[in-house]
Amino acid sequence: FFLLLDAYLPLMSNAKERKYAVMADLGFSGVWTFLWFVCFCLLASQWSRTLDVRGIPQDAARATIAFSFFSIATWGILTYFALVRYRRGVADVTQSIYTEPPPEEHTPYPPTYAPSAYTPTTYSPYPSSAPDDFQQPPFTPSTITTTQPQGDYQPPTY
């Protein structure tokens, strides 16, 4: 049940349900850790008090005690992971359904930012001794030549 719950947990949309699921996992793991500890203590105590071992397979009894000891460690680790998940909270548990695609390395359009060699020109209201780097506009009153006389206007013929 808890294996399926761990797989379903990132897809839960309700924060309260996620919290209850994590708390149930924490509580279940904690109770089983405690029960395996009690079982280990009881088995080790009873084995140390056993005097007549003729009818008892000794290897099986020792294996049972070792199994209960390693179960304490296993359930303790599971309890620790459940505690970490509980402390992490709701924000990191959810799995994003939509993720942005990675940016393309080669785009067909140039970047929208200025190149690194760009140095903006500062304009001063005072004339400077530096030469101007711009051209004169192509049409100024001094360069316009009229082909028609200033007199009578002749409309074009079509």
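Here the Cβ of each residue, glycine as well, is placed from N, Cα and C on the backbone.
It should be emphasised that the depicted structure is a prediction, and the values quoted were computed from it without experimental measurement.
Going by TrEMBL, these are the annotated features:
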DOMAIN    1-87  domain 'MARVEL'
TRANSMEM  20-45  transmembrane segment
TRANSMEM  65-83  transmembrane segment
REGION    97-158  region 'Disordered'
COMPBIAS  114-131  compositional bias 'Low complexity'
COMPBIAS  141-151  compositional bias 'Polar residues'
Overall pLDDT for the domain 'MARVEL' (1-87), taken as the rounded mean: 86
Tally of residues which DSSP labels helix, strand or coil - the domain 'MARVEL' (1-87): 75 helix, 0 strand, 12 coil
